[in-house]
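> Below you'll find the structure I mean.
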Amino acid sequence: MADALIIDACRTPRGVGKAGKGALSGIHPQQLGATVLRALADRTGIDTADVDDIVWGCSAQVATQSGDLGRMSALDAGYDVRASAVTLDRFCGSGITSVNMAASSIMAGAEDLVIAGGCEMMSMEGRRGGSGPMMMDSGNLRLRARHPQSHQGVCADAIATLEGITRRDVDALGLESQKRAAHAIANGHFDKSLVPVHREDGSLALDHEEYPRPQTTMEGLSSLKPAFPAIADYAIDDKGTTYRGLILQKYPDLNIDFMHHAGNSSGVVDGAAAILMASPAYAGAHGLKPRARVVAMANMGDSPTLMLNAPVPATRKVLAKAGLTVDDIDLFEINEAFAVVAEKYIRDLGLDRAKVNVNGGSIALGHPIGATGSILIGTVLDELERRDLKRGLVTMCAAGGMAPAIIIERI
């Protein structure tokens, strides 16, 4: 089986995901995707006619993000029309899944040059695709009876309560995310992969991370009210079913301690990322210098009712596939969808906090859903190189109680 090589990775800065406020909110999603695809081709000098496929992550495939966003972005980037593309949705896990699928195709010998990545405009109006409460079961009452699925924020607070994780714990993780992100930005840790975004008239839209709040303090975080008590008791149907009630169907004795808020939850942002992958034969024949190889990949499902717990078993699965232990991994990236996700991950796996999300995470930097996984893979690769380390592991929770995971190794 051939290695899947990572040749290069790039991404946009993340812009505040509010229409009319964020610096990227006026950019068409196809043009945002085209920004990183064009940059990737320019940086590596590839002939885009050789690209076998583009595997693109996007979770909300509605409105201006509909219509195979990956293909339209490639065409807008000026790629040769022979460069095909597909756009996939594994919710928040889409960006990792795009890389895993691209790698799988190369490892199987089916393709030689594949681009993975993703784009998500969280500022896009109409991204929910309808009115009313957003339900993972889409109103399928049989599925709801079998696997009640609640709001992700309520799930985060339920998990924290079940795990004995406190408000101070999640606030401390949120503060550390801001501190690490501020240090990384000040010291240029993201510069290698960052691609400025320009408007159609050529003017600069954004060339830096827009979301971080480096002035954050523990006192400020502790003053914020929990975000999800009202949502927990919102009636989602005419029978009075609530998000809290859906969790109580599985955990009837649980008294949820609400603790997550904007300061310890992932930021709503816009962003895109792209990663060029190749077979050893293609890379050698075309003078492409690989930066890393894919060691192992895994997908794992867990409780859809709690939704956010799959990264731990996914990590154990991908480590087993690679024949490695946590001690063999130099750096971990676990998406900070909510602080409890990263906190539970660190505790359950017994990780050294100094090896996890070393440049901050989505609490400080934001989470453009379909792009985040690809961003994190590029981030961990840059940091492995900067520190002269060997292996990185990236994973994240996804709606429906899932998690993809990947281990990469520098070459």
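Here the Cβ of each residue, glycine as well, is placed from N, Cα and C on the backbone.
So TrEMBL says this about it:
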{"type": "DOMAIN", "residues": "5-228", "note": "domain 'Thiolase N-terminal'"}
{"type": "ACT_SITE", "residues": "Cys92", "note": "active site, acyl-thioester intermediate"}
{"type": "DOMAIN", "residues": "288-410", "note": "domain 'Thiolase C-terminal'"}
{"type": "ACT_SITE", "residues": "His367", "note": "active site, proton acceptor"}
{"type": "ACT_SITE", "residues": "Cys397", "note": "active site, proton acceptor"}
> When the pLDDT values for the domain 'Thiolase C-terminal' (288-410) are averaged, what is the result?
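The average pLDDT of the model in the domain 'Thiolase C-terminal' (288-410) works out to 99.
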> Around Cys92 (active site, acyl-thioester intermediate), how many other C-beta atoms are within 10 angstroms of its C-beta?
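Excluding its own Cβ, Cys92 (active site, acyl-thioester intermediate) sees 29 Cβ atoms within 10 Å.
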> Quick one: Cα separation, Cys397 (active site, proton acceptor) versus His367 (active site, proton acceptor), in Å?
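For Cys397 (active site, proton acceptor) versus His367 (active site, proton acceptor), the Cα atoms are 12 Å apart.
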> How many Å lie between the Cα of Cys92 (active site, acyl-thioester intermediate) and the Cα of His367 (active site, proton acceptor)?
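Counting only the Cα atoms, the answer is 9 Å.
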> Taking the Cβ of His367 (active site, proton acceptor) as centre, how many other Cβ atoms lie within 10 Å?
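27, counting other Cβ atoms within 10 Å of His367 (active site, proton acceptor).
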> How does the domain 'Thiolase C-terminal' (288-410) divide up by DSSP, counting helix, then strand, then coil residues?
52 helix, 33 strand, 38 coil
